[in-house]
């Protein structure tokens, strides 16, 4: 639901950015109207174009205009208001240009007509041309030939319907990806929580550092104790070297201190070999997807490891 509202809001913002504006500015007056630029006239500058507005004579500008543009300062160019119909858009624009106007604002002659991009031959056309609705044109006509009123042409960003569709499609993809990631992470956390509950909160709880450091250690001398055949760390699968520090768990299994510290401090609090909890001395936890069904015996040469935690290793002495 939230994604739908985001998409709708994006479309509204894009539609506002894509439309250009015709704006009347005067003392205590500020009126703005949507317009569409012609496709054969120069594009309105980003900074906008402004000037004084006059009504064409004749109003349809299908013949040479009898009211020529006033020769004022170059900073106050003259714009002309023209009604649609009677001849082509191109003919209206060219007649306005011949009369010395710098821009032509054409308005629809019917209320129900939509704004379209006026078409024509761009050769020799150097003035701006825009189309507004009939309602906008009638309001603009009331403010023609008034020196205190200034007309400002504000360009749009020229976003086409295809661009809007592309942006909408990309937005939907991004929203879908975010939602998919959210539900994927949520599902993973739920599964992890269920797995922790299944193990009674012990098999995957992190061991406190102070308890870990309290377990005894010894320096490996290369001399095996009576009855001991372990010369390899079951975690990193490397042989012990003389001088290395080994940590001894309550179950009497030994490992590299670095390896077992990382193992027990990383959300695992059981012996990698016998699966006993070093804190409580509990027996092997119930079989699950993270613990094997059969624990290795003391005389076994095969060390079965957890499916997620350690690989299966077979060590053969020749």
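Cβ atoms are placed via backbone N, Cα and C, with glycine included.
Per Swiss-Prot, these features apply:
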type	residues	note
DISULFID	62-87	disulfide bond
DOMAIN	70-143	domain 'PA'
CARBOHYD	121	N-linked glycosylation site
SIGNAL	1-20	signal peptide
TOPO_DOM	22-162	topological domain 'Lumenal'
TOPO_DOM	184-318	topological domain 'Cytoplasmic'
TRANSMEM	163-183	transmembrane segment
ZN_FING	233-275	zinc finger
Legend entry - residue 87 (disulfide bond) CB neighbourhood, other CB atoms within 10 A: 13
Inset, instruction - Go ahead and report the DSSP secondary structure tallies for the zinc finger (233-275): helix first, then strand, then coil. - result: 8 helix, 8 strand, 27 coil
Inset, instruction - For the residue listed as 'N-linked glycosylation site' and residue 62 (disulfide bond), determine the Cα separation and express it in whole Å. - result: 16
Inset, instruction - Determine the Cβ neighbour count for residue 121 (N-linked glycosylation site): the number of other Cβ atoms within 10 Å of its Cβ. - result: 10
Inset, instruction - For residue 62 (disulfide bond), just count the other CB atoms lying within 10 A of its CB, please. - result: 16
